[in-house]
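Features of the protein shown, as given by Swiss-Prot:
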{"type": "BINDING", "residues": "30-33, LYS51, 87-91, GLY415, 479-481, ASP495", "note": "ATP binding site"}
{"type": "COMPBIAS", "residues": "534-546", "note": "compositional bias 'Gly residues'"}
{"type": "REGION", "residues": "526-546", "note": "region 'Disordered'"}
Amino acid sequence: MAAKDVVFGDSARSKMVEGVNILANAVKVTLGPKGRNVVLERSFGGPTVTKDGVSVAKEIELKDKLQNMGAQMVKEVASKTSDNAGDGTTTATVLAQSIVREGMKYVASGMNPMDLKRGIDKAVAAAVEELKKISKPCTTNKEIAQVGSISANSDSSIGDRIAEAMDKVGKEGVITVEDGKSLADELDVVEGMQFDRGYLSPYFINNPDKQVAVLDNPFVLLHDKKVSNIRDLLPVLEQVAKAGRPLLIIAEDVEGEALATLVVNNIRGILKTVAVKAPGFGDRRKAMLEDIAILTGGQVIAEETGLTLEKATLAELGQAKRIEVGKENTTIIDGAGEAASIEARVKQVRTQIEEATSDYDREKLQERVAKLAGGVAVIKVGAATEVEMKEKKARVEDALHATRAAVEEGIVAGGGVALIRARTAIAGLTGANADQNAGIKIVLRAMEEPLRQIVTNGGEEASVVVAAVAAGKGNYGYNAATGEYVDMVEAGVVDPTKVTRTALQNAASVAGLLLTTDAAVAELPKEDAPMPGGMPGGMGGMGMDM
């Protein structure tokens, strides 16, 4: 095991604080509408230009081990805030730096770090309650667009696109972000349920222009096993042919004789069919087949439920108004399932979301809810160059997370104003002793830091603006984009409550840990062994007799 370097007390803390400051100073230049860009080097290709706090934080690794520990702890603040609320990473970093800076002064003067932390925690809890009180619900399209615009660095076109997407697919709908092919942003909305499986044979195509198979008013056969023997399918195919309607077969796989027969029938015009593989794998495949069954009002033909293909009747088949099958996707529009059954299924999946432990599972379950309840919208980001597209795509994703957070917990005045107003809840707060009171003061000072940084990035005098905003009431604040004092909510400068709350809680959590640190253990840098003496050996035997 390698030898370790153990550093105690102020020596450990001061080095870690240096790391905190290096990271925070790089991140905080991006805050606000007049925030600056940060250029990130890439080992391959051109550099990346960004105004996203968490992207900057993730790139920073420091040479000094102790400094790097401090930087990594604040990086955790940015990452956690981004994971929980989707935005507010720069605000969280600025708050953490301020709490650490002010707290270190008190620790150096001999105050008890544990009591300081208790005071900080008490103040943050009171501020969070106040934020919840002053929060207002975010319901209208205009408010959703405003939240998206602010989060995308005051780009109103992004806010409008997100509001339009949410309007089309509902609050529960899935909205994804992809690279576009043109200069302008585009919005594609897929109504109904779409899953990523296409036709098993190109001979099923009946619309050559679009290269898709379109089925109007079809039956839907759902089976959880492979279908390779046509005899299994014959009874149900005869019933569908009598009804004179097309058929979509969704099974684990359709192959061999069964697939060949379906293709021949399709080409000859005897029976219009399309076969696709079932989406997902394992247990998720079963669940998705069940979702499709409920959406189309059919049943999954599985041995577990006592149903077999040979005995299947039209009653077990699902139905839909229209189905489009492409090379890679299948879209079921207007399934014939009962609204009550669909609602019950959505409720069931929502319960699973609450119980899910991994982010991946939660995301997949959320997608299932969206496919059952609303639809899927795809925002295609357009830009002139790849560098610009990457930067813009990151901003759109940020804005999307922020709007979801706003719909969830409501909105407060942006531009650092909400934190200034929440200070009123802490102003009269007292701790159990003088050290806890100092902790409360630390948070009071830190809560004006985001506004100070926004104003500083805008090139104005921070102290003057902070005093003017603090003297005002309600949503009165400073709009750094225009340089005017306005009602922030009316001006459309708003933040999701969840973002502001999460930023404050995460910043206080990590800053408290730093303040109460009294020793740091790091690996000693390895010393490379010197090269052995003497000339390196040459290559013998290269002479040639002429």
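Just so you know, glycine gets a Cβ as well, placed from its N, Cα and C.
Note that the structure is predicted; figures quoted are calculated from it, not measured.
Within the same chain, residues at least six positions away from GLY32 (ATP binding site) with a Cβ under 8 Å of its Cβ are GLY415, GLN453, ILE454, VAL455, ASN457, GLY458, ALA480.
Of all Cβ atoms in the shown protein chains, 22 besides its own fall within 10 Å of the Cβ of THR30 (ATP binding site). Around the Cβ of THR90 (ATP binding site), a 10 Å sphere holds 28 further Cβ atoms from the protein chains shown. There are 32 other Cβ atoms within 10 Å of the Cβ belonging to GLY88 (ATP binding site).
Taking the Cβ of ASP495 (ATP binding site) as reference, residues of its chain lying under 8 Å away and at least six apart in sequence are, in sequence order, GLY88, VAL147, ILE150, ALA402, ILE411, VAL412, ALA413, GLY414, ALA418.
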